[in-house]
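Record features, source Swiss-Prot:
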REGION    1-33  region 'Disordered'
MOD_RES   Ser30  phosphoserine
DOMAIN    43-77  domain 'WW'
REGION    88-151  region 'Disordered'
MOTIF     109-113  motif 'Nuclear localization signal'
MOD_RES   Ser116  phosphoserine
BINDING   Asn553, Pro554, Pro555, Phe556, Phe614, Glu615, His616  S-adenosyl-L-methionine binding site
REGION    663-704  region 'Disordered'
MOTIF     669-684  motif 'Nuclear localization signal'
COMPBIAS  685-704  compositional bias 'Basic and acidic residues'
Amino acid sequence: MANENHGSPREEASLLSHSPGTSNQSQPCSPKPIRLVQDLPEELVHAGWEKCWSRRENRPYYFNRFTNQSLWEMPVLGQHDVISDPLGLNATPLPQDSSLVETPPAENKPRKRQLSEEQPSGNGVKKPKIEIPVTPTGQSVPSSPSIPGTPTLKMWGTSPEDKQQAALLRPTEVYWDLDIQTNAVIKHRGPSEVLPPHPEVELLRSQLILKLRQHYRELCQQREGIEPPRESFNRWMLERKVVDKGSDPLLPSNCEPVVSPSMFREIMNDIPIRLSRIKFREEAKRLLFKYAEAARRLIESRSASPDSRKVVKWNVEDTFSWLRKDHSASKEDYMDRLEHLRRQCGPHVSAAAKDSVEGICSKIYHISLEYVKRIREKHLAILKENNISEEVEAPEVEPRLVYCYPVRLAVSAPPMPSVEMHMENNVVCIRYKGEMVKVSRNYFSKLWLLYRYSCIDDSAFERFLPRVWCLLRRYQMMFGVGLYEGTGLQGSLPVHVFEALHRLFGVSFECFASPLNCYFRQYCSAFPDTDGYFGSRGPCLDFAPLSGSFEANPPFCEELMDAMVSHFERLLESSPEPLSFIVFIPEWREPPTPALTRMEQSRFKRHQLILPAFEHEYRSGSQHICKKEEMHYKAVHNTAVLFLQNDPGFAKWAPTPERLQELSAAYRQSGRSHSSGSSSSSSSEAKDRDSGREQGPSREPHPT
């Protein structure tokens, strides 16, 4: 049921205008719920339950002042209390039907019908006995977004203007659907051992990451005479976390090998100079001259074999001679000559620079290792000050099947410091110790809803703003603070496509998302510590569903995409239940990425769809703060859509021609026209901006 004690969304203005200390006689008072004679058992009263009267429905209901949960029926004794038993370990197990999936009490209300529920499975596999995890149902989850009462808002310490408070939680544009329930089934798991986030720790981490980025820039400039390859530091962090076994959620500290293949490859591809795309003949001529000059300078300044020096110098002199003689060459002639020079000199130049580039990669890793130690010491000191132990006895986990639920942390969260918040037009600004992060009003409302759905240790929202600050700061530092930096690594599919995926293939879960760019309220993300409070199920590579339909749009990091394919194939191989992954990755062919090649050859591949470049869109990775006209951008490369399904998954969510046609039609609906009818994306300036955002990793360049 909707939160009866809070009223409906239509009543939000009157409810929010009534708060102690701000109401006056000229303001209308909100109707207070009538408290009935409390004839409840003493156990329920101690648990926070009381009996109230609904004027709208003209019947009694039961309200929990601790969790804000409302029920029509009297609460059942034996259900777990989220305060004393947040994980529900001592809860009385609910009776289960071996052939049916039960629905939790908080979800026994009308909700949207899902196509995946209406269609027969099409296979004879017996449905598993699936229990609903008690942890995420400790709080009532409304079937539609509703605005809470003033008392909750007042506990945030926000502006005293009640109308402004109401506006914060009333989105004007919505790019998500948090009503969709999950069909992802997992084995019940224990809480995560990562330490809970704290603004003081996050502030130190962000300062050290900025220093590490600066170290990387200086090493590239001083040792190789180049600027750091675009997004290479961001992809280094993504690639390192695939193999990292360290304690920090962001910085690597325990990796093998020490030299990152991703960082090494991208720096080497920019040596001796970065080859950019050219349009005109004179640009091609200058590029050829710069490459020859840089190759000669590098081979003379490094220790190289006499044969290597001879080959490079001879080819460089031959190129200079050709440039002096031929004044009628076309753009294609210059590019052919450049390609010939790269083939002749490239191996020798790379061999001469190899030790230096490995030194850069090793140096950055060891600096990161020292920074992680400092962050860890700071974090443990804060926990010790609050008498919180990092050593928590792991609870016993029952081996049962449950619907997926957000990550829970084993270590208790320490008290949070105060965080300031103010509004600038439609932007919410949150400040801690002079460091400010920003998020649009619409996405602030989204974070509030996700927090309300997922968080179980802060029913009064006293820690909401500090946790939002930590979340925004974490993603800001992960992808950099430059213009459009990192936005391509956080891009997501348009709303129309998500709607089609859910309607046609029963998709209800994103494998690579964040609280900021997710469409569903169930998703995997990079950071279980900051994101778990907002619905994250943890990192995708640690998430092991037994059944369900999933969308996967990974960051464009080759090592991460390759690890994703291995993970998906293991899951499809081991599960007898319907399991489906719809994967969206760039169609890079020169050379092809291992992930794309493996999926095309996989026995689980049921279909492959190619979306042409500049004929489909992504939503910006900075959608939570960017302008409306920049919300969507054209993809500058083809996108491959691959359907990986086991046999039961194929029988249930088969990519039939009719469904594929509808999915392609969804891509033809431009999100730009949806969000801004007056903006135009056909200009060359817009294409250049999109290209900057969508920049892939430095691969073998083809500057044509």
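Here the Cβ of each residue, glycine as well, is placed from N, Cα and C on the backbone.
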Could you put numbers on the helix, strand and coil content of the domain 'WW' (43-77), residue by residue per DSSP?
-> 4 helix, 15 strand, 16 coil
Across the whole of the domain 'WW' (43-77), what does the mean pLDDT come to? Round it, please.
-> 79
Per DSSP, three-state class assigned to Phe556 (S-adenosyl-L-methionine binding site) = coil
Largest C-alpha distance in Å for the S-adenosyl-L-methionine site residues Asn553, Pro554, Pro555, Phe556, Phe614, Glu615, His616, as a whole number, is 20
For Phe614 (S-adenosyl-L-methionine binding site), the number of neighbouring Cβ atoms whose distance to its own Cβ is within 10 Å equals 14
Where Glu615 (S-adenosyl-L-methionine binding site) sits in the secondary structure, as DSSP reduces it to three classes | coil
